[in-house]
Structures are given as C-alpha cells and as structure tokens.
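J.: The disulfide bond annotation in Swiss-Prot covers C119-C202, and the record cites sequence analysis as its basis. Taken from Swiss-Prot, the feature region 'Required for response to orexin-A' covers 26-41. According to Swiss-Prot, the feature site 'Important for responses to orexin' maps to W36. If you look up Swiss-Prot, you'll see 1-46, 106-119, 183-213, 322-336 marked as topological domain 'Extracellular', on the strength of similarity to another entry. Taken from Swiss-Prot, the feature topological domain 'Cytoplasmic' covers 68-82, 141-160, 236-298, 361-425. Swiss-Prot lists 47-67, 83-105, 120-140, 161-182, 214-235, 299-321, 337-360 with the feature transmembrane segment.
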Amino acid sequence: MEPSATPGPQMGVPTGVGDPSLVPPDYEEEFLSYLWRDYLYPKQYEWVLIAAYVAVFLVALVGNTLVCLAVWRNHHMRTVTNYFIVNLSLADVLVTAICLPASLLVDITESWLFGHALCKVIPYLQAVSVSVAVLTLSFIALDRWYAIYHPLLFKSTARRARGSILGIWAVSPAVMVPQAAVMECSSVLPELANRTRLFSVCDERWADDLYPKIYHSCFFIVTYLAPLGLMAMAYFQIFRKLWGRQIPGTTSALVRNWKRPSDQLEDQGQGPGAEPPPRARAFLAEVKQMRARRKTAKMLMVVLLVFALCYLPISVLNVLKRVFGMFRQTSDREAVYACFTFSHWLVYANSAANPIIYNFLSGKFREQFKAAFSCCLPGLGPCGSLKAPSPRSSASHKSLSLQSRCSVSKISEHVVLTSVTTVLP
C-alpha cells in the first residue's frame, strides 16, 4: 500500500525560478498567488474527494470506537471472534486517525508537507496496519475453520486469542521496518526547498532497481495474494459444511427419533403447558448453535470480501508501478492520478465499512450501536445501557419467556418444526 507517495508535481508549475535571493518581491507575490489559485486551491472534483474523506474519517472513527466499547463493556460479547474484531478495529482507528489526514493533503496538493521524520513514520504505520489487518483476518478464518471441522482437536480460548493478538502486534512492526528505511523526502524544485514545502515528495529510495521489484513482489504475495487465497479456501469449506450438511456433533439419531413437544407430553400424560423434555431442549440448542455459526460465518465472509475488494486496486497499482515500472512516462497523467487517488480512498473506506457490516449482520453489535446512539441523539428511543443486563434481570427475562412459551405451546411447536427444516438436508 502506498497512500503517501506522490505521483509528482502537476503540469504547468514553473520548473525553476533562479536564485531565490534574486527573485523580485512582486514576482514572488505573483508566483505565490499563482500557486494558491492554480495549484493549491481544490478544484471541483477535489471538493468531492474531500467530502468523501471526511465521511470516511467520521464513520471509521465513531464506528470502530463503538465496536471496541461494545466488547469491552459487555462480558457476554467477549468471544474469541470478537477479540479479533476489536483488534481489527484498533488497527482501523490507528490508520484513520494518523494516516488519513496526511493522505488527503497529499492527494490534493501532490506535495509532502510533513517533513522528513513523518515521511518515514506515516507510510510505516500504514504498512503495519495492513499487516495487522491481514493477520487478524487470517487468525479469524483459522479459528472458525478449526471450530467447524476439528472442534475437539483445538480448543480456542480467550487467553489464546489475546496471545495471538500480541503476536500479531509484535510481528507486524518488525516485518515492516524496511518500509520505513527506504522512505525519503526530497524536493522536485530544489531552488524552492528553503522557502516552501510544496513540490516535495515522499517516496522510496533504493540502492538498486532490482530491490524494489523483489520487495514489492513479496509484499503483494505475503500481505494480499497468499493470505486471501488461503482464507477463501477456508471459508469455502466452512460454507460447504454449514450450509451443505449438519455440523460435527449433531445427533442424527435425535433428529430421526425426534417427536414434537406436544406429542411427547401427551405420551407422558402431561398437559401442553409443561416444560419440554431434555431431548427436545437439546435439539433446540443444536439448532440455535447452527444458526449462530451461520450468522457469524456470513458476517466474516462479507468482511473478508470487502477487504479484498478495497485493497485490490492499490495492490495492483503498486505492483505495476514498482515491479513493472509503469506510470513513469504517461500521456494521460490525470487518469493515473485519479486511479491512485481513488485507490487511496478505498483503503480508508474499508475501515469505515467494517462497523457498517457488523451493524447489519450482527444483532448483538446492532443493539449496542443503537443503545449508544440513543444516548446521544434524541428521537431514537430511550437511552439504553451499553452494559450487559444483570444476572437478576436476565433470570427474570428468562422466566417470563418460559411462561410465555408454555402458554402458547402451539407457537413453540411451530418454531421447532421450522427449525427441523433448517437442519435437515
């Protein structure tokens, strides 16, 4: 990923002004006015870009912060998958808060305005966030694959998840050190270097032309092509297992011998309002587990698909530029500039898309988001608490739901029947 690299100064900018000390004041004032009018001041389409960046900035920061708060303040949401989702949100907050504003200014001015130190830091943090995101998504896919295919071989726990997250944050900064080492800030117009930071670029400097080809080829394979290929295979197997047949551990004999709760109660001489027998309750629990796993798998597949689509343009453009040497001499410079600018925006749009995906595909996250917004915005209902309900209130709610289920046994019977059609092939 290369959001901070600049394609170069725009056409029409003077290529030299001689000795800066000999420039007449009236010429300098005219030249600065020209820079503001024709170079710095955003054009119409750039105002659209600014609005798009601002929207992504707000949605990404607010949405990912709410994701972290929802898991932190609710013990029932502290699952292994949600730990990894929080880690992904932290990486998104990092890249949005630190790197997005710099990328916006670079795309608008086509100049690096932040000096030599940040020229190394900001691209480095962007590369680290990419590595963290890819490794986190890979660990999620691996965890889900083991949970579906080998539930007894590997027991996933919160402690192991936290250890994996620490490992991700230890490995990612280490492997991305070369990105910081090769970044250098230089001026396209050296005669203006002491007077303005305009026309400065933050780009890679390699000792040999072969090195960037090797580095960016490996970067593309390790951070995009290989992990996405492995994750696609894992989710394909998960999809086939969950939607094609019963998950491991489902009791086929229980399904074959299952009788409706009302029939079992009548055989035992009990009324229709009695509690369902253990066998029916076990079957309902398996149906509930199946549905929960399907919902989680569907949400994670969408997250992976959106990540792949958002990072595809910048990954391909970087390979074409760094490995094959394209875009150095081009007649349609504006089209190249537009492609790079849009691909930069897509990278940050992925950070804003994840909380939206959680909202639409996860009922628990949706409840927490609604509770948070109801505290801040009027008209959204009573202000709910982000905390999990107390055990007493949960027990009371469970008792009421049991009474309601007993009083409407026919409805419960219909729910179980529809559940059977979901599980049976």
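Yeah, the Cβs are placed from backbone N, Cα and C, and that goes for glycine too.
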J.: Which one of these disulfide-bonded residues, C119, C202, has the sparsest Cβ neighbourhood, judged by other Cβ atoms within 10 angstroms?
T.: C119
J.: Just give the helix, strand and coil counts over the topological domain 'Extracellular' (322-336), going by DSSP.
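T.: DSSP classes over the topological domain 'Extracellular' (322-336) add up to 5 helix, 0 strand, 10 coil.
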J.: At a threshold of under 8 Å on Cβ distances, which of 120-140, 161-182, 337-360 pairs most often with the transmembrane segment (83-105)?
T.: 120-140
J.: Counting by DSSP secondary structure, give me helix, strand and coil numbers for the topological domain 'Cytoplasmic' (68-82).
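T.: DSSP composition of the topological domain 'Cytoplasmic' (68-82): 12 helix, 0 strand, 3 coil.
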J.: Under a criterion of three or more Cβ pairs within a distance under 8 Å and sequence separation of at least 6, are the transmembrane segment (337-360) and the transmembrane segment (120-140) in contact?
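T.: With fewer than 3 qualifying Cβ pairs, these stretches do not touch.
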J.: On average, what pLDDT score does this prediction assign to the topological domain 'Extracellular' (322-336)?
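T.: Result for the topological domain 'Extracellular' (322-336): average pLDDT 86.
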J.: Can we call the transmembrane segment (299-321) and the transmembrane segment (120-140) in contact, meaning three or more C-beta pairs below 8 angstroms at a sequence separation of 6+?
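T.: Checked: the transmembrane segment (299-321) vs the transmembrane segment (120-140), in contact.
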J.: Is it possible to list how many residues within the topological domain 'Cytoplasmic' (141-160) are helical, extended or coil according to DSSP?
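T.: When I sort the residues of the topological domain 'Cytoplasmic' (141-160) into the three classes, I find 12 helix, 0 strand, 8 coil.
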